[in-house]
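Undergrad: Handing you this structure, nothing more for now.
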Amino acid sequence: MAKSHKLILSLLSQLFLICHLSIADLTPDFYDDICSQALPTIQTLVEAAVADEPRIGASLVRLHFHDCFVNGCDGSVLLDDTPTMIGEKTAKPNNNSIRGFDVIDSIKSNLNDVCQGNVVSCADILAVAAHDSIVALGGSSYGVLLGRRDATSASLDAANSNIPAPNFDLSQLLSNFDSHGLSMQDLVVLSGAHTLGFARCTIFRNRIYNESTIDPDYAASLESVCPISGDDDVLASLDDTPASVDTDYYQGLIQSRGLLDSDQQLYQGDGSDTDSLVQYYSDNPANFWSDFGAAMINLGNLNPLTGDGGEVRENCRVVNQN
Ligand code: HEM
Ligand SMILES: *[C@@H]1O[C@H](CO)[C@@H](O)[C@H](O)[C@H]1NC(C)=O
Ligand SMILES: *[C@@H]1O[C@H](CO)[C@@H](O)[C@H](O)[C@H]1NC(C)=O
């Protein structure tokens with residue numbers, strides 16, 4: 001074969017390798033042959049947990065988000081601290097805040113039985129549990145992509161620096177999302193996850209006592225449960241209907257009733273692009289439901305470990321011993 005042909009061939013095969021490695025080759029049917037009962041098992045357990053306590057659905061959605069924003073969707077958020085590794089659980093955005101670990105543990109041990117072995121990754125469990133929570137609370141289904149593997153380490157520092165803070169302004173939120181390859185639309189749509197769940201007094205205190213961008217009646221009603229000091233852990237819902245996936249969150253923003261600064265930043269009444277998107281989703285629930293699913297897929301595609309990368313953890317809290 002001529003030298004130039006060989007060169008072209010080797011360039012082509014390198015190109016193929018590069019493309020192959022860089023594509024997040026997750027697939028919807030990853031577990032169909034490996035363990036056909038995996039997804040129905042997760043769904044049954046999530047439905048039971050949500051029926052028992054609706055908030056757990058919110059907590060499971062947030063867990064997937066906090067996993068994916070820290071070195072990709074690799075189950076790192078689930079790792080407990082060890083003598084040699086401080087994980088992500090005590091990072092500022094997570095400490096005394098993220099929850100749902102017991103549900104994930106229970107799903108994992110059930111899957112190890114049902115699948116007759118350790119084949120479903122913790123990162124995939126988080127992605128499916130988030131989806132099933134959204135559906136259980138009235139959102140639309142979307143095609144969850146699967147085949148992620150689990151990280152063998154976690155990073156406190158990465159959790160502290162990569163998860164957006166509730167006092168971020170719009171440009172900080174946009175650049176944080178951009179650093180994860182997510183767009184302004186992803187920011188507005190994914191923030192719609194705050195249609196579910198709660199935040200603590202310590203998080204929204206400054207907003208209700210110090211800010212002018214909040215509806216005064218709303219601030220007063222929050223002040224009655226969240227004193228100027230103390231009661232840090234008292235909860236308030238992120239929208240009027242914390243157990244249903246709807247567009248009340250966006251309607252609240254238009255009424256200056258966003259609970260977090262970062263929520264109200266998306267709608268400032270100045271006719272900006274994010275204002276328009278908030279208005280659009282508030283007027284079009286069906287579009288919110290479908291765009292939310294698409295944005296959750298974007299979230300779930302962040303830097304997964306695939307193929308031979310990482311491992312499938314036997315226990316989501318600890319790295320495999322062998
Ligand atoms: C845009 C930037 C975001 C910021 C600054 C932010 C911040 C927060 C904060 C501070 C809380 C309350 C924590 C506490 O009180 O302990 C919270 C709750 C929550 N967040 Fe976000 N978040 C953001 C985006 C997202 C995204 C993208 C999702 C999911 C796709 C999400 C899902 C949730 C859920 C469901 C809750 C309620 C959790 C529960 O009740 O257990 N958030 N968020
Ligand atoms: C996490 O919360 C615990 C319990 O409130 C507290 O003792 C600890 O100092 C916190 N850790 C960090 C790193 O903030
Ligand atoms: C209001 O803002 C001031 C100045 O930043 C701050 O010292 C104070 O703690 C804030 N009040 C509340 C209740 O957060």
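Cβ atoms are placed via backbone N, Cα and C, with glycine included.
Unlike curated records, TrEMBL annotations are generated automatically.
Model, not experiment: these values are computed from the prediction.
Not my notes, these are from TrEMBL:
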| type | residues | note |
| --- | --- | --- |
| SIGNAL | 1-24 | signal peptide |
| DOMAIN | 25-320 | domain 'Plant heme peroxidase family profile' |
| DISULFID | Cys35-Cys115 | disulfide bond |
| ACT_SITE | His66 | active site, proton acceptor |
| BINDING | Asp67, Val70, Gly72, Asp74, Ser76, Glu88 | Ca(2+) 1 binding site |
| DISULFID | Cys68-Cys73 | disulfide bond |
| DISULFID | Cys122-Cys316 | disulfide bond |
| BINDING | Pro164 | substrate binding site |
| BINDING | His194 | heme b binding site |
| BINDING | Thr195, Asp239, Thr241, Asp246 | Ca(2+) 2 binding site |
| DISULFID | Cys201-Cys226 | disulfide bond |
Undergrad: Quick check: of the recorded positions listed here (Cys35, His194, Thr241), which one has the Cα closest to that of Val70 (Ca(2+) 1 binding site)?
TA: His194
Undergrad: List, in sequence order, those recorded positions among Asp74, Ser76, Cys226 whose Cα sits within 10 Å of the Cα of Cys122 (disulfide bond).
TA: Asp74, Ser76
Undergrad: Looking at the domain 'Plant heme peroxidase family profile' (25-320) alone, can you tell me the average pLDDT?
TA: 98
Undergrad: When the number of other CB atoms within 10 A of each residue's CB is tallied over all shown chains, which of the disulfide-bonded residues Cys68, Cys201 has the maximum?
TA: Cys68
Undergrad: Asp74 (Ca(2+) 1 binding site) to Cys68 (disulfide bond): how many Å between their Cα atoms?
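TA: Between the Cα atoms of Asp74 (Ca(2+) 1 binding site) and Cys68 (disulfide bond), the distance comes to 7 Å.
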Undergrad: When the number of other CB atoms within 10 A of each residue's CB is tallied over all shown chains, which of the binding-site residues Asp67, Glu88, Asp239, Asp246 has the maximum?
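TA: Output for this query is Asp67.
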Undergrad: As a test of the contact definition, list every same-chain residue at least 6 positions from Cys226 (disulfide bond) whose Cβ is closer than 8 Å to its Cβ.
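TA: Those within reach of Cys226 (disulfide bond), by Cβ under 8 Å and sequence separation of 6 or more, are Cys201, Phe204, Arg205, Ile208, Val234, Ala236.
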Undergrad: Taking only C-alpha atoms and a 10 A limit, tell me which of Cys73, Thr195, Asp239, Asp246 are near Asp67 (Ca(2+) 1 binding site). These are the recorded positions.
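TA: Those near Asp67 (Ca(2+) 1 binding site) - Cα within 10 Å - are Cys73, in sequence order.
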Undergrad: In whole Å, how far is Pro164 (substrate binding site) from Cys68 (disulfide bond) when you measure between their Cα atoms?
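TA: With the alpha carbons as reference points, the distance is 12 Å.
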Undergrad: Just to be sure I understand the contacts, which recorded positions have a Cβ under 6 angstroms from any atom of ligand 1? Candidates are Val70, Gly72, Glu88, Cys226, Thr241, Asp246.
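TA: Correct list: empty, so none.
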Undergrad: How many Å lie between the Cα of His66 (active site, proton acceptor) and the Cα of the residue listed as 'heme b binding site'?
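TA: With distance taken Cα to Cα, the residue listed as 'heme b binding site' is 14 Å from His66 (active site, proton acceptor).
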Undergrad: For the residue listed as 'heme b binding site', identify the closest of the binding-site residues Asp239, Thr241, Asp246, judging by Cα separation.
TA: Asp239
Undergrad: Can you tell which of the binding-site residues Ser76, Glu88, Pro164 lies nearest to Thr241 (Ca(2+) 2 binding site) in space, using Cα positions?
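TA: Result for Thr241 (Ca(2+) 2 binding site): the nearest of the binding-site residues is Pro164.
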